[in-house]
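Colleague: Take this structure first; my questions come after.
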Amino acid sequence: MGATDHDPLAIFTRPPPNETPTERVAREEREARARHISNQIDEQLKKDKAALKRQNELVRVLLLGQSESGKSTTLKNFRMKYSRAQWKAERLSWRAVVQLNLVRCVLTILDTIQTEMNGTTSTPTSSIIQEFSTHEEDEDEDNPIPCSTTSGVGIIANISRRSSLSKDSDSSLGTTLSSQHQILRLRLGPLRGVEADLKKRLGAGSDEEEFDSSSSLGVGPLGPSSSRSDDGNQGGERRSGNLMVAARKAKRREFGVKRLHEALENGVHALSSRGSHHGHGSRDSGAYASDDATDIIASCKDDMKALWLDEAVRKVLVKRQVRIEDGAGFFLDDIDRIATRTYEPSDDDVVRARLRTLGVQEYNIQFEQSKGPTLFAGGLGDFGKEWIIYDVGGSRTMRQAWLPFFDNVNAIIFLAPISCFDERLLEDSKINRLEDSFLLWRSVCSSKLLAKTTLVLFLNKCDILKRKLKSGVMVKNFLPSYGERPNEAGSVIKYLKEKFKDILKAQSPVPRTCYYYATSVTDTKATANTLKTVRDSIVREHLKTADMM
């Protein structure tokens, strides 16, 4: 027997008998093509296997929460801590956003004092908040709106009218403004052109989103409760007219961008082109700091400071309940540093800057190998080192876009701004913002698509909560179930945390763990420590799901 007789497949690979040279060439060509196709299939299988492995190692995190809850700020903190090189390369491009925040704060104050000078009692029409006709059926304008409404680009202008401000106090405060304030308003007029220039500079992707709220701002499920009068009559305060509803039709605009990265690049490109056109030199030589908007802002520095520090202006802002300092994008205390021709944003500036995002923002973060023992030790390779974080729009009109991201997501970081217990949704003034957070949380917890998803809850804006409570705002007036508990931040946080826990326990399809954190995401140092813990927790749960722990 020949050697080939030991190979049962040899019969299939032998050349046919009496094969001519032409037939042999054709056969070898067919075999070569077959080997090439086989090799291509093998390579594709290897690539598919590697891609599947990478997908299994990839951690997908979704940031959820209502508009202005702190999602974008949380994403900034992640990128600043774990994607440092990319963060530093992008930081300078935020200058136009910070400048826009500053300018719009100033313009809001100017519109407020103009309204005061005109002697009207309505909320000022500003570049941030625009309100139009009032219903003829509206209640008397002296009646309060029992909540604060939030709005703003770069800021949150919380505006409400309270019963403590009578007509007498209105007139006395109105007399504190003088012709000097009118002159100051005129001197700062060029900032309106700066606002338009900065918005244009952010590119074609920018947009003004308009909300039309035609609803009563009445007492909702989490609205201010009626108090019992001294004579024992329930709701005496409401009968006296102090909590009567003011029905209004309002339109509010907020500037935003559809794609944040493109908007920032547009800003850099516009400045670079302008600097080159005017012969200022390269960006590295400082040309980036020289442009018309920056020059005007720098020239208005002293007037902006005078406006913000003026005692009479402060009184008007208090009277009108315009709490600019409570929101993201507040830079009026940094005018000396920002209103210069050489200003470059710091890490803290970028985190605090406010630019509304109208679409889904996606960021890839590669975690560097840490020294010492970590969750990645033990032969897990690159497991959990690469994250994709999605920041989705939080307004009610954008929430239908959340569903596609529920599939195959590993963790959700849900941001609930607990300082907003006395505020109404910008999109629907019938809805209390805290109530809306509860409803969103219930939807997330009850979703079967998210049954195996790790949940992380940030009870956010604790710093603003503390300031509100310190100023005398009573939680029980807006959250009746809070009862007679201490009107202190620690007690409020503990109470709301238990409420969120109860919803998870009642609504979740399966029992699961949730991680709760009281946060102020504009505090970068404290947030960095929180994010490290969050990162470890998410990876640990991800490993459990993959049966690797």
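For all residues, glycine too, the Cβ spot is worked out from N, Cα and C.
Bear in mind that TrEMBL entries carry predicted annotations, made automatically and left uncurated.
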Colleague: From the ranges 112-131, 132-151, pick the one that TrEMBL records as region 'Disordered'.
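Modeller: In TrEMBL, residues 132-151 carry the label region 'Disordered'.
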Colleague: Say we define neighbours as other CB atoms within 10 Å of the CB. Which of the binding-site residues THR357, ASN460 has the fewest?
Modeller: THR357
Colleague: Take the mean position of the Cβ atoms of ASN460, LYS461, CYS462, ASP463, the recorded GTP site. Which other residues of that chain put their Cβ within 8 Å of it?
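Modeller: My list of surrounding residues reads GLY70, PRO417, ILE418, SER419, LEU459, ILE464, LEU465, ALA518, THR519, SER520, VAL521.
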Colleague: In Å, rounded, how far does the Cα of THR357 (Mg(2+) binding site) sit from the Cα of CYS462 (GTP binding site)?
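Modeller: The separation of the Cα atoms works out to 23 Å.
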